[in-house]
Amino acid sequence: MQEAIILLALLGAMSGGEAQHLIFLPATGAVAENSPPGTLVHNFSVKLAASLSPVIPGFPLIINSNPLTEAFRVNWLTGTDFEVVTTGMEQLDFETGPNIFDLQIYVKDEVGVTDLQVLTVQVTDVNEPPRFQGNLAEGLQLYIVEGANPGFIYQVEAFDPEDTGQNIPLSYFLISPSKSFGMSANGTLFSTTELDFEAGPSSFHLIVEVRDSGGLGASTAIQVNIVNLNDEAPHFTSPTRVYTILEELSPGTIVANITAEDPDEEGLPSHLLYSITTVSKYFMINQLTGAIEVAQRIDRDAGELRQNPTISLEVLVKDRPYGGQENRIQITFTVEDINDNPATCQRFTFSIMVPERTANGTLLLDLNNFCFDDDSEAPNNRFNFTTPSGAGSGSRFLQDPAGSGKIVLIGDLDYENPSNLAAGNKYVVIIQVQDVGAPYYKNNIYIYILTSPENEFPLIFDRPSYVFSVSERRPARTRVGQVRATDKDLPQSSLVYSISTGGASLQYPNVFWINPKTGELQLVTKVDYETTPVYILRIQATNSEDTSSVTVTVNILEENDEKPICTPNSYFLALPVDLKVGTNIQNFKLTCTDLDSSPRSFRYSIGAGNVNNHFTFSPNAGSNVTRLLLTSRFDYAGGLDKIWDYKLLVYVTDDNLLSGRKQAEALVETGTVTLSIKVIPHPTTVITSPRPRVTYQVLRKNVYSPSAWYVPFVITVGSILLLGLLVSLVILLAKAIYRHCAGKTGKNKKALNEECKERGGGGNHPDEHCL
């Protein structure tokens, strides 16, 4: 920051005598401590530059201070006049804060000319009055118990802001005169007489003043309250100690009134407080009146009250919420039973399954095992049962003995009996359970008796076996037939049909599917007579009680559904342009077969491509072998023929043995053969050979397919691996040869040197010498 200030000053100096600058700065100003916001500290002006460029709005301003502070700001007055005032954001305190502030004031005009000056502000000391400490400055509430001995009450404390060391004593005075209180010079408040709450005022208002050596002072108020003493215990005035109440009283019902008196407040409104010290969920007491009310439902027939119907409470009366005098009393409540619970049952709806062959006199239900009365005392807890009722139940069911609640069977429940079927084999018995005493509460009991059927009849199919037929041309989901099984037992339970064995082919594990609900047999896929002409199935029917099975034979009906297949299926032929009519072209022969047709059923025809009808097959019908013949000569010179390459589409149909009427109704299949024929023209040069010949050239070419990318990839990788293996083998072989040859050469050198030395170091050759 100091470097920036020096730079700004240098810039201002470089602008020459005509530069903008601050007037009446630098300077020293003074301000009293604790000055309010807006207090003037110093006035100054700005002399504009020769260009008269105005000061930028917001300038001049205080850009820095030492020490840092926000207690000052620059205000604009008029024109180029400004002032420095206090902000009130920080308290200027001579005793506790800094006394001198250096404010750096910075100004800048619109062309960028700047100036910076320093204003030194001194905080001056001001004599301040003493101050009371803490809550005493706002006033104080004091409490004194009546009858207390005269003496010390409170020590008043104040401080002088000018005396930071607290060395100068302060003087305290009691401004408001009182014969009951006094104050010493050092601020001790004391009582002079014994205070009585009943005989004198209950409170005193005192004004205390403190002064410093300069005569400045401050005052505060002290409220002295006299606390009344409570020395007499209240006593109860209600005579009753035992109360008898009925159960099931409504919450809020008053069952007792407890009263008491306080001798300390005789002749005054009662301020006694009542409470129940015993833990009880059934009662609550009015804290002010002593009335005991029912807090919640009191049930004589539940919980501990069923065994002991008495509730004991201890009532406490106090003359103050906390402390003070108190008294206690024991009271007892006896709860009497009423007939408030109707006879009830664990459930009021019963569902009984009775087998249809159950013997008469059988006990079906004993309601005494399920019904009860929660009342705790007789006769409130006694009950009986009324006579049963219900449509159709009177002749089948009876309560024996009457009123006992025991239901027995007395009629026929045969499930297949028409009268029982008319009733749906369902019966409703309605009986009431009721109290024997007033108010005779009742509850209806509904007994639903259902007859459960028994398996008396076997499950059988309507036929001993089934035979169905289906054409081999029918598609999947074709209905083959339907099986049906029945059970004379009622009710009719749902049947589930399934194929237990059979129905498999070489390609499919299941050729047939049976609807498990209806028994309808369907095809899963097309069948082939030529593969399997007959299927033997074992179909099983199952209900909840029984299982039965039946044999189903499915005959596959043969159809003409196979197309003729010929070899070759496609072929390329070439013939000279002057080939003789009737010649079998290149000895081409077509051989056809059909799985479901006779060899004599074939008929041959040439479709598209046989321009000018130059070609035909012989025989064209009645044989499975035929040959391609030339039927007419080519006429390229006359312009009749213009095509040299023929694409023939040959149709092979298996309807030769059918008459016209049958052909229209019967199913006919057609196969196709594709032939490519090239006509070879005469050569343009003179042929010296006595007889022209036709040369057939078959061109075969491998074409790369993008889908076969893996072929060159595998070949390339294999080649690289093989090449690497060969190189490694060559290297190993070279190393082995090198080691082998090096050993032998060393031995040979040694032998030659010895031989040379034996000969005398040389041979016949002048250059020969020993190694």
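Numbering starts at 1 and runs along the chain as it is shown here.
Cβ from N, Cα, C; glycine included.
According to TrEMBL, the features are:
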DOMAIN    31-132  domain 'Cadherin'
DOMAIN    136-236  domain 'Cadherin'
DOMAIN    237-344  domain 'Cadherin'
DOMAIN    346-466  domain 'Cadherin'
DOMAIN    462-566  domain 'Cadherin'
DOMAIN    567-694  domain 'Cadherin'
SIGNAL    1-19  signal peptide
TRANSMEM  709-734  transmembrane segment
Counts by DSSP class (helix H/G/I, strand E/B, coil) across the domain 'Cadherin' (31-132): 0 helix, 51 strand, 51 coil
Secondary structure composition of the domain 'Cadherin' (346-466) [DSSP: H/G/I, E/B, coil]: 8 helix, 50 strand, 63 coil
Mean per-residue pLDDT computed across the domain 'Cadherin' (462-566): 90
